[in-house]
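Listed features, source TrEMBL:
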- B:12-35: transmembrane segment (TRANSMEM)
- B:19-209: domain 'Cytochrome b561' (DOMAIN)
- B:55-75: transmembrane segment (TRANSMEM)
- B:87-106: transmembrane segment (TRANSMEM)
- B:112-135: transmembrane segment (TRANSMEM)
- B:156-176: transmembrane segment (TRANSMEM)
- B:188-211: transmembrane segment (TRANSMEM)
């Protein structure tokens with residue numbers, strides 16, 4: 001009976017990863033439509049400061065959050081041995097870390113978005129290398145003891161990064177609205193992008209946690 | 001060995017609830033200082049529309065999010081039998097639901113904050129009564145099967161409500177800043193309030209989930 005139930009939740013958890021992929025890709029498409037069609041495009045090396053700025057939301061969502069989320073789900077999505085899953089998990093986190101380093105954009109440290117964003121990135125920037133370094137010299141039993149803390153920290157960081165993304169969208173939204181350049185369509189687009197990012201986070205989180213609830 | 005580890009995580013989980021209480025109370029104090037000292041006070045029945053508006057953040061954080069979080073932790077914080085814990089859990093959720101009904105404030109459905117907030121409240125407004133109704137006629141084994149879903153749904157809703165609170169703070173922040181009425185002190189106060197709310201959410205979530213990771 002217990003095995004049947006566990007199996008049921010494992011299956012549900014892998015269905016949740018499908019949901020996470022879908023919401024992640026949906027958020028990416030909506031974000032690209034917003035940045036390319038409404039906000040003048042994305043260009044790292046341009047005279048137009050808006051286009052340079054647009055690199056930030058793109059890299060922070062697609063490069064950082066999306067890859068970090070995929071890394072968290074690697075143990076469920078990669079149909080292979082534990083060792084391969086572990087390498088994919090580490091590789092995807094490295095991609096996320098590098099994207100974050102290129103994508104972070106500190107104009108000022110005034111708003112709630114910048115506070116949450118920088119906190120997230122510093123903690124993430126500590127967790128990824130710390131995991132690499134500490135887990136090397138550890139015995140199997142110490143490693144197993146660390147796992148719940150590593151997962152909890154990772155989940156909290158995902159939570160933080162989603163909050164950073166949403167406060168960022170909300171900040172941009174408020175400035176565009178006050179400047180009277182925000183039409184009804186663009187505002188809906190921003191909101192749907194925000195909801196998709198939020199649902200991506202929820203699905204990643206549940207897929208990681210659900211099978212462990214039994 | 002397994003029992004020792006489980007016990008260790010149970011102890012850690014109850015320490016996390018202490019962290020949750022502290023951040024919850026800190027957030028409440030900061031929010032009150034902000035609303036009472038910087039934003040003109042809180043009054044449900046006033047001619048000053050700002051004071052009437054201030055009821056909304058107060059009730060939505062203290063009445064809704066804080067009580068819902070405490071309800072989620074009741075199984076860890078109430079040192080009593082399972083039945084008493086269950087009643088406290090239900091009672092605190094009812095207080096949260098009622099506060100939400102009084103505190104919700106729909107001026108327009110334009111911003112990301114309003115979208116996330118209303119989604120959260122509708123889903124919460126379905127989950128609480130649905131749990132009361134469905135769990136009554138259920139056998140013990142069906143109930144046990146539902147628990148992981150109930151917990152996952154609850155955790156996702158906590159996640160949503162924290163995002164609603166932070167986007168709300170960010171929206172107000174941006175409008176105050178654009179209107180040039182936001183000093184350095186007030187902006188720091190808003191940011192610390194936001195971070196405390198976020199940490200409250202993370203601590204509640206981890207205290208519920210940590211003991212289950214083993």
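The backbone N, Cα and C atoms fix where each Cβ goes, and this holds for glycine too.
Mean pLDDT of the predicted structure over the domain 'Cytochrome b561' (B:19-209): 93. It is B:55-75 that, among the stretches B:55-75, B:87-106, B:112-135, B:156-176, forms the most Cβ pairs under 8 Å with the transmembrane segment (B:12-35). Long-range contacts of the transmembrane segment (B:112-135) within the same chain, counting only residues at least 6 positions beyond its ends with a Cβ under 8 Å from a Cβ of the stretch, are 60, 68, 90, 93-94, 96-97, 100, 104, 106, 143, 146, 150, 153-154, 157, 160-161, 163-164, 167-168, 170-171.
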